Amino acid sequence: MSGPWPSPDSRTKGTVAWLAEVLLWVGGSVVLSSEWQLGPLVERCMGAMQEGMQMVKLRGGSKGLVRFYYLDEHRSCIRWRPSRKNEKAKISIDSIQEVSEGRQSEVFQRYPDGSFDPNCCFSIYHGSHRESLDLVSTSSEVARTWVTGLRYLMAGISDEDSLARRQRTRDQWLKQTFDEADKNGDGSLSIGEVLQLLHKLNVNLPRQRVKQMFREADTDDHQGTLGFEEFCAFYKMMSTRRDLYLLMLTYSNHKDHLDAASLQRFLQVEQKMAGVTLESCQDIIEQFEPCPENKSKGLLGIDGFTNYTRSPAGDIFNPEHHHVHQDMTQPLSHYFITSSHNTYLVGDQLMSQSRVDMYAWVLQAGCRCVEVDCWDGPDGEPIVHHGYTLTSKILFKDVIETINKYAFIKNEYPVILSIENHCSVIQQKKMAQYLTDILGDKLDLSSVSSEDATTLPSPQMLKGKILVKGKKLPANISEDAEEGEVSDEDSADEIDDDCKLLNGDASTNRKRVENTAKRKLDSLIKESKIRDCEDPNNFSVSTLSPSGKLGRKSKAEEDVESGEDAGASRRNGRLVVGSFSRRKKKGSKLKKAASVEEGDEGQDSPGGQSRGATRQKKTMKLSRALSDLVKYTKSVATHDIEMEAASSWQVSSFSETKAHQILQQKPAQYLRFNQQQLSRIYPSSYRVDSSNYNPQPFWNAGCQMVALNYQSEGRMLQLNRAKFSANGGCGYVLKPGCMCQGVFNPNSEDPLPGQLKKQLVLRIISGQQLPKPRDSMLGDRGEIIDPFVEVEIIGLPVDCSREQTRVVDDNGFNPTWEETLVFMVHMPEIALVRFLVWDHDPIGRDFIGQRTLAFSSMMPGYRHVYLEGMEEASIFVHVAVSDISGKVKQALGLKGLFLRGPKPGSLDSHAAGRPPARPSVSQRILRRTASAPTKSQKPGRRGFPELVLGTRDTGSKGVADDVVPPGPGPAPEAPAQEGPGSGSPRDTRPLSTQRPLPPLCSLETIAEEPAPGPGPPPPAAVPTSSSQGRPPYPTGPGANVASPLEDTEEPRDSRPRPCNGEGAGGAYERAPGSQTDGRSQPRTLGHLPVIRRVKSEGQVPTEPLGGWRPLAAPFPAPAVYSDATGSDPLWQRLEPCGHRDSVSSSSSMSSSDTVIDLSLPSLGLGRSRENLAGAHMGRLPPRPHSASAARPDLPPVTKSKSNPNLRATGQRPPIPDELQPRSLAPRMAGLPFRPPWGCLSLVGVQDCPVAAKSKSLGDLTADDFAPSFEGGSRRLSHSLGLPGGTRRVSGPGVRRDTLTEQLRWLTVFQQAGDITSPTSLGPAGEGVAGGPGFVRRSSSRSHSRVRAIASRARQAQERQQRLQGLGRQGPPEEERGTPEGACSVGHEGSVDAPAPSKGALGPASAAAENLVLLRL
């Protein structure tokens, strides 16, 4: 044997000591010699650790605690006893960052030398904040055993792949859950312990169901207890995913397994994966399928499919982004660089500790720019601390040694050392010596010429190098001079601006320094009191623009998250200006104590005037040795960002307050400034609590180094992590190309005109194992949570938005939301997506967890979003991203005035936000009505963007069915309509596909906007309009051109198809008689229909803005369409029929409620009746049947208070008698029988003059149903549009006109092969019978009140009919009034041949049957 390794004989002496020497600790990994098999030796260490040893835990400043430490049986965590934390007294091996030997930690440094034997001491650094567990063992052998064993375990964890880590984590979580549930420690769980565990896991199951699963899992002679293996089987039964099972059925042709071909289709169509082969799918089956029988047959069952989707392959984060994938050869100024502020501090800015460990932590966390504040120390040794405060001090030498050790452990990209130099020239030379001696070759000392200062080097060129950022002597100083004067105005040390000593040294001014620090601390305390009284959240630093206006801000209401910063920039119309010393000058309305203001400006002190004079010529002495170490990162003072930079090798530092002023006043110039050189942003000096500001506005302006306080975990640090995780966490993220070249205004409403935007469609499907809030008072014994999900987009101000789902009551284990959220993003390259889970509470909401990631890091398809810091908690979503062209605007309506959120506030809010606002007026009113949205329904949200043009999916396959080709060009923009007729802003959103829904619809919303009806193809003509100088819309064949789409499954006809009356030419003519004014807007062919959100995800396209109509179109009601993202093809195929006539995804997944659209047809009011009557019948195309279409032979229903969505017709002139229903007999005589999709009659204005009021099905009485009998079979029909209902023949006394005949003809006739009709999609005869029954909704209204209102309505209608019957031949028709709020769904009607009515009326006086309108 050769080499430095000892002989096997020598191993008998001090085996553990020898093993520790072999295990070389290099940056968190273990380097082993391939010549040695160390398994038995390591096992001895593991055995000794599992047996446990007594050691002393040091806390610093007090006596140590004697505890018994041991490694648990799964080797997953270190535990100790005794402890008041009970089962929580543990440190996970996964959380350990480093194990160091000897007295190296800051805690050991507090004890005098000689207190402990260094060979018996070691420290364990763990957690996100690098907390240290400092232990003293009884002997050096014990210390070596623990250090060796822990390093070995850490090495194994670092080497395992992500899949093995996820499976190991799950196994450990199951074992830990089992142990914690085993209260009596007998190794098994009783039914009582299981019920307690289910409550802890937020599972709300009936006891009988739990007992049944318990009996099924209890397989060992049914002893009434569950062992660990039985518990795993029980948990597996309990956690079977219905959503994944339905998803699997879709792609397996309704089988309970997926073969390789089906799995390949799923990965290609849904997950948008390229290059998927059958061999790779077979490998997935082999890897994830737990059942040996399925594995041998090459099948993936539900368990294997669940394992795959919950593996890293199903995570929302792109696995390629775990590694560096961006171009790293661009100049440094083209990258965002993660930076730390006052890196050495572990707490606040005034009195906390300074530790060298913080440098090790932030560098290993990916930070590439650290700050070192250098001051003169005793004995000629420079020290590091926060100047003029009471923070502790550490040696500059120790800091540099730590940086040298940990700088390039995680990656080799350059580290920038930001030195804030306050030392004398003598100690500056000492600093330069330490930097040169310790860093050595890592220090970039390459000889570069100032002539090359036009371009910065790239991160790739500077790999493994440390750059010193600091002041540099000017070129006009002699090279022989060892020192020189430089400006001190570029200092980024904020607090010394108020505290810098003018005369004397620190010893003579010690009292003044302490007073300044105490005054700052006092201001912090008083500010906290003001926050508590004036606002529940912290203030934020903000500035006013010169005009005094806020301008465009981002979110004012941030979320109160656990452990996050708190604050808001605007409350109740007040702007809190975050500068203590400048509140009076800014005109703040909050009255602060005078002591906070005094002294900061130094106006009352004798030195205040001299200080102001000194600032005009603030200079300092700089050593030549230290100056020569600065190459590419020279610190300079910047007074005007519009001036051309003299060199790119310089860095300008701005406080957040100054940077905000620049952002508000000169955003485009600031962006250009950051293209030429580096800039660094640091927190305000008044963030003495080490809170963080929002970094996103500065990233929007291209600022490279946005320094944050890494010791303050919270929202802002989470945004920072998400930003830099997009490139492997290397600390460098490439800026978008538009930020590196060209100029744009990041604060404008359309920052990049002409460029494609992204539409993000997120379907929040379900959640898994969501825990109780961490700060819950009752802990695991608290109530089962009521979760909802909030999604936030953080980017440019125009992109910042948030949406949220409804609340699911009493289910945190597997809640199902099935809701679709849509976002528009102008610049996705810098946008972040933030998922938050909240627990709804009557008095607020509690934070459960979050996950933030870059927009570019999201994977499409069905993905799991694992909450940060939680082992099993996740939400299941579907992600779809499309390209959007055209302008985007918010659709506003009357409901939006009540339900939309507060006006966005300042982007600079450094806090998670404030508690949610009180319910709006409309929400409080609606809660008191019978049909009000309940707690389980979706809260009010802002409107979805309303699109002018279509979408184009960025995916290749699988989405071709779900898109609408964009139009040929931008359409004229119409003003937003507000009022009762417009929908709620949260209810309208762009539609990416048009697909008919089945007759089963929801009773949730009544949409009223008519869509363009079918019309004949007119000759190509260009509509002209002089209104406001609008350009004519393109017509002719070119106007109907659509971008080609790829079909994935079903073949489609590539020829243009008429849709909503659009002919081949696609030309539209404006309706004769309509006025050319601002209210009349042209319709466009490329207009994307706007849909209305309902609970079950049914969408109804509304009429595009404007007054243009197809030639001679009779205004039929639109068909019901579904959203591609809200109702994907896979859900449409879940019904046994297998056709498109299936319910939408959320109907099948989350709700049995149905939606009916009662879009009322416009009968041409305001149009020329002669023009309508003269339209030739033969030119009218067929009208598709629709469950939502009302019979157009009846006039519209009057608007009611309880249903403001219906269009108000009270302002219209009365309808003449010629618009009464006409007989269908002449036209029906020669027509073949066709099964209708469904018809629903509406009571007209003349029939029901009294405003109808809302009533749910649960309130109907027997009097509300008028039975009629079908001829032959005498089948009972409740006269509500059920199958079997017959139509009465109009008597001879009813006048006929062309308009009514056209409307009747469109209602009953349907052209064969018309693909726009829902009935043409199914086989012949389908849908005639067997439709679903009524869906009844409970209500709190009394039946007696309903009868009284129905009686009044009936009497009023009878009076109206008597008046109408005066001009008729024969007795008036006897009809019922509309009961208040009656609702019904005409699932499937029948159009039989005319037959005599069997009602009370005689044949001669029979009129058209008016069915009861049942609506919410």
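Glycine residues also receive a Cβ, built from the backbone N, Cα and C atoms like all the rest.
The Ca(2+) 3 site recorded in Swiss-Prot includes Ile784, Asp786, and the single candidate from Asp775, Asp799, Asp810 that the record places there is Asp810. From the candidate list Glu289, Glu293, Glu420, the residue Swiss-Prot records in the Ca(2+) 2 site shared with Asn342, Glu371, Asp373 is Glu420. The substrate site recorded in Swiss-Prot includes Lys469, Lys471, Ser653, and the single candidate from Arg624, Arg680 that the record places there is Arg680. Remark: secondary structure over the domain 'EF-hand 1' (169-204) totals 23 helix, 2 strand, 11 coil, with classes taken from DSSP.
On the 0 to 100 pLDDT scale, the domain 'EF-hand 1' (169-204) averages 84 in the predicted structure. Within 8 Å of the centroid defined by the CB atoms of Asp182, Asn184, Asp186, Ser188, Glu193, the record's Ca(2+) 1 site, lie the Cβ atoms of Ala181, Lys183, Gly185, Gly187, Leu189, Ser190, Thr225, excluding the listed residues themselves.
Around Asp186 (Ca(2+) 1 binding site), the same-chain residues at least 6 positions away in sequence with a Cβ under 8 Å from its Cβ are Thr225.
Taken through DSSP, the domain 'PH' (47-155) splits into 34 helix, 39 strand, 36 coil. The Cβ of Glu193 (Ca(2+) 1 binding site) has 19 other Cβ atoms within 10 Å, all protein chains considered. Local packing around the Cβ, expressed as the count of other Cβ atoms within 10 angstroms, is greatest for Ser188 among the binding-site residues Asn184, Ser188. Listed in sequence order, Ser188, Leu189, Glu193 are the same-chain residues at least 6 apart in sequence whose CB falls under 8 Å from the CB of Asp182 (Ca(2+) 1 binding site). Helix, strand and coil counts from DSSP across the domain 'PI-PLC Y-box' (626-740) read 44 helix, 21 strand, 50 coil.
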